[in-house]
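Feature annotations, reproduced from TrEMBL:
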TRANSMEM  6-23  transmembrane segment
TRANSMEM  30-48  transmembrane segment
TRANSMEM  54-74  transmembrane segment
TRANSMEM  86-108  transmembrane segment
TRANSMEM  120-139  transmembrane segment
TRANSMEM  151-169  transmembrane segment
TRANSMEM  181-198  transmembrane segment
TRANSMEM  205-222  transmembrane segment
TRANSMEM  234-256  transmembrane segment
Amino acid sequence: MTIALWIVIATLIFFLVVRGLINQTPRIQLAVYLLLPVALGVIFAVRGADITGFFAYIKFVLILSATLFTMGLRYRGWVERPWARLLFYFLILFNLVEAATFDLYDYLASTPEVPLGGSAINFVAWVIIILTLSYPRLLTLENSDKRTLHFDIGWGWVIAYTICDYVFLFGSNAPGEIPGLWGGYNIIQLAVPLLLIGRDASLYMQMRVYALTWNVFLPLAYPHPPLMYQTPDWYGPNLITALELASLAAALYLVWRSWNWVRSSQEGEGAPRNLLESALCRLGLATR
């Protein structure tokens, strides 16, 4: 099987699994997600996982907890409570800060003998993405049987985050590992939530959380073909530079968008939507 065909098939399977599960009743969703850590624990026990496997399991449980919390926002009415919206916001913020920190650390800790990847350019993009993350008041719940969460972040933010995250995942590597080894799977991981949201960018966070649980579970359960293929020949200096510049360009668009909103807004037309807009307003770039 070629890498391209595998990416298409695996993306379609991931899409169908996540989409199918989201359309099930809350009880079925909860039962499936609670079975995942049990199944992974059995797999690790049979396989004889080491300390690395233990920490991987803990990370999966934390990601699963975020998914269960998202279900609580949808089905338990938590989204109406300020503390729940604030917690949702800080969970996302923590994830972004963690990625930015590791990106910068890998860049600073890399040596010719032990390259770890990382990118200073992509770190700048991460900072902008963090500053332009929408405030928790923009998290709402659709009043329908679907109980869909909407987080008004905009297509610009979704695209910037997707490119930035791919640069981070593609460009970073563990010691002794070839850079870009999981580049193909990273495409699948980031493509699935984009397919799930259709034309509505406000659905992205809900779909990203649901998809991420499966994106982390399956490689831990069976990191081998036909589920997982490596791409050792993908990485190259020219490609990673192009991706870094694309990431920075997408992030700078977010700066322009916030700047334009502040400059064009008039007093009483609405509160700032993110940290960057709040900072620009405090600098006196708009009358409020």
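Note: Cβ is positioned from N, Cα and C throughout, glycine not excepted.
Bear in mind that TrEMBL entries carry predicted annotations, made automatically and left uncurated.
Taking Cβ pairs closer than 8 Å, the transmembrane segment (205-222) reaches residues 14, 17-18, 21-22, 33, 36, 39-40, 43, 53, 56-57, 59-60, 63-64, 66-67, 70, 74, 92, 148-151, 153, 185, 188-189, 192-193, 196-197, 228 in its own chain, all 6 or more past its ends.
Counting Cβ pairs closer than 8 Å to the transmembrane segment (86-108), the top stretch among 54-74, 120-139, 151-169, 181-198, 234-256 is 120-139. The stretches the transmembrane segment (234-256) and the transmembrane segment (151-169) meet in space: the count of Cβ pairs below 8 angstroms, excluding pairs fewer than 6 apart in sequence, reaches at least three. Between the transmembrane segment (120-139) and the stretches 6-23, 151-169, 181-198, it is 151-169 that has the most C-beta pairs under 8 angstroms.
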